[in-house]
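Here is the structure we will look at.
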Amino acid sequence: MASNATHAFARTDRTALGLWWWTTDRWLLGATALLVTLGMLLSFASSPAAAQRIGIDDQFHFALRMCFFATASSVLMLITSMLSPRDIRRAAFFIYLGAIAVMIALPFIGHNAKGATRWLQFAGFTLQPSEFMKPALIVLVSWMFAEGQKGEGVPGVSIAFLLYFIAVALLLIQPDVGQTVLITIAFGAAFWMAGVPISWIMGLGGVALAGLGSTYFLFDHVHARVQKFLSPDQADTHQITRAAEAIRAGGLFGRGPGEGVMKRHVPDLHTDFIYSVAAEEYGLIFSWSLIGLFAFVVVRGLYKAMKLNDPFEQVAAAGLFVLVGQQALINIAVNLNMIPTKGMTLPFISYGGSSMLAMGLTLGMALALLRKRPGAYGASGEFGFGRADA
């Protein structure tokens with residue numbers, strides 16, 4: 001048994017699993033596995049207080065569900081990372097269509113929570129289709145940008161903008177301004193990396209800023225959150241105040257596992273404010289290391305993406321890592337009271353089935369695009385292949 005297991009990961013193994021293992025970026029794979037593990041660890045720290053707050057008898061209710069979602073997310077990531085770039089495009093096409101179809105139906109059959117209709121509820125679970133739409137959108141617009149560059153009459157840029165505006169319109173109907181901002185940033189990054197003229201990018205940025213400003217006047221919850229951020233003395237800032245106190249209370253080394261006190265007063269401690277739980281129980285050194293781990297994943301992912309030869313693979317992989325990094329940045333910035341509050345999860349760390357599965361899909365797609373293939377990277381042969389036509 002041991003010899004068979006060893007052979008499965010030997011360089012001479014030509015099975016699908018063996019080829020996957022030796023062509024996948026194992027540094028990124030390991031860093032992602034560490035994030036998933038930390039997410040499960042922190043769920044056991046936050047679950048008792050979260051369960052008690054909403055009257056659930058099983059104090060590890062959220063932790064056990066988190067472990068289930070983390071396992072499912074890991075399996076999804078591994079399966080997706082084995083796909084070819086062509087299969088990634090196909091999967092993104094069908095995922096985007098499915099997610100958009102459900103988002104269109106949400107106003108009629110969706111579950112409303114906190115004034116927004118973003119979820120489909122069934123069999124005790126809730127599904128947020130916009131989470132799956134995000135990586136699919138980035139892959140599709142990257143594909144369209146690449147097709148447009150070929151000069152074969154495909155209106156790639158126009159199709160990419162159409163896909164983007166459809167997604168934005170449906171997000172604003174829910175409403176979900178945070179996800180709109182997130183996909184706009186990732187779309188803009190893909191737009192820039194595709195080599196679009198800077199004047200177009202500046203125009204897109206201007207429109208995006210104008211649109212973001214208009215949400216302050218169009219949506220009451222956005223107006224309220226911005227006002228709380230700008231005038232904390234004149235508004236109820238209980239949650240963000242308690243989160244900040246939790247971070248300060250942890251000091252450098254934290255109170256210790258399970259010893260957090262301030263987390264009991266943070267309503268969304270297991271989701272949006274899990275970072276403050278990490279800081280209180282494990283300290284600033286741990287929470288800074290968590291930021292460093294996210295930075296490693298994003299920076300290494302972007303570095304590898306920039307070395308790819310194929311325009312689609314390069315832009316799509318980079319866009320997916322921007323998506324992950326920006327979401328982590330927004331969540332942590334909210335916890336540190338640097339920006340107005342926004343219900344956005346910390347990738348792989350916060351509790352949430354849709355978020356966990358979608359992040360597994362996102363990183364799986366990115367890992368698949370970064371895999372070592374003949375001709376995928378430069379002629380230097382950095383990854384042992386060299387160009388196919390060399």
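Just so you know, glycine gets a Cβ as well, placed from its N, Cα and C.
A Cβ distance under 8 Å defines the sequence-distant neighbours of the transmembrane segment (27-47), meaning residues of its chain 6+ beyond its ends; these are 59-63, 66-67, 70, 73-74, 77, 81, 257-258, 260, 263, 269-270, 274, 277-278, 281, 290, 293-294, 296-297, 300-301, 304, 347-351, 356, 363, 366-367, 370. According to Swiss-Prot, the transmembrane segment annotation covers 27-47 (among others).
Sequence annotations record features per position, and here Swiss-Prot assigns transmembrane segment to 60-80 (among others) based on sequence analysis.
Annotation comment: Swiss-Prot describes 91-111 (among others) as transmembrane segment, evidence class sequence analysis.
Annotated transmembrane segment per Swiss-Prot: 125-145 (among others), in sequence order. When Cβ-Cβ distances below 8 Å are used as the criterion, the transmembrane segment (125-145) is approached by residues 88-89, 91-93, 95-96, 98-100, 102-103, 106, 111, 118-119, 154, 156-157, 159-160, 163-164, 167, 170-171, 174, 176, 179, 182-183, 186-187, 190-191, 194, 196, 311-312, 315-316, 319-320, 323, 352-355, 357-358, 361-362, 365 of the same chain, each at least six residues removed from its ends.
Swiss-Prot lists 153-173 (among others) with the feature transmembrane segment. Using a Cβ-Cβ cut-off under 8 Å and counting only residues 6 or more beyond its ends in the same chain, the transmembrane segment (153-173) has close neighbours at 96, 100, 103-104, 106-107, 130, 133, 137, 140-141, 144-147, 179-180, 183-184, 187, 191, 196, 215.
Cβ atoms under 8 Å from those of the transmembrane segment (181-201) belong to residues 134, 137-138, 141-142, 145-146, 149, 157, 160, 164, 167-168, 171, 208, 211-212, 311, 314-316, 318-319, 322-323, 326-327, 330, 344 of the same chain, restricted to positions at least 6 beyond its ends. What Swiss-Prot lists as transmembrane segment is 181-201 (among others).
According to Swiss-Prot, the feature transmembrane segment maps to 279-299 (among others).
The feature transmembrane segment is assigned by Swiss-Prot to 315-335 (among others), with sequence analysis given as support.
Same-chain residues lying 6+ beyond the ends of the transmembrane segment (348-368) with a Cβ under 8 Å from its Cβ atoms: 24-25, 28-29, 32, 35-36, 38-39, 42-43, 46, 50, 62, 65-66, 69-70, 72-85, 87-88, 91-92, 95, 119, 125-129, 131-132, 134-135, 139, 270-272, 274-275, 278, 290, 301, 316-317, 320-321, 323-324, 331. Marked as transmembrane segment by Swiss-Prot: 348-368 (among others).
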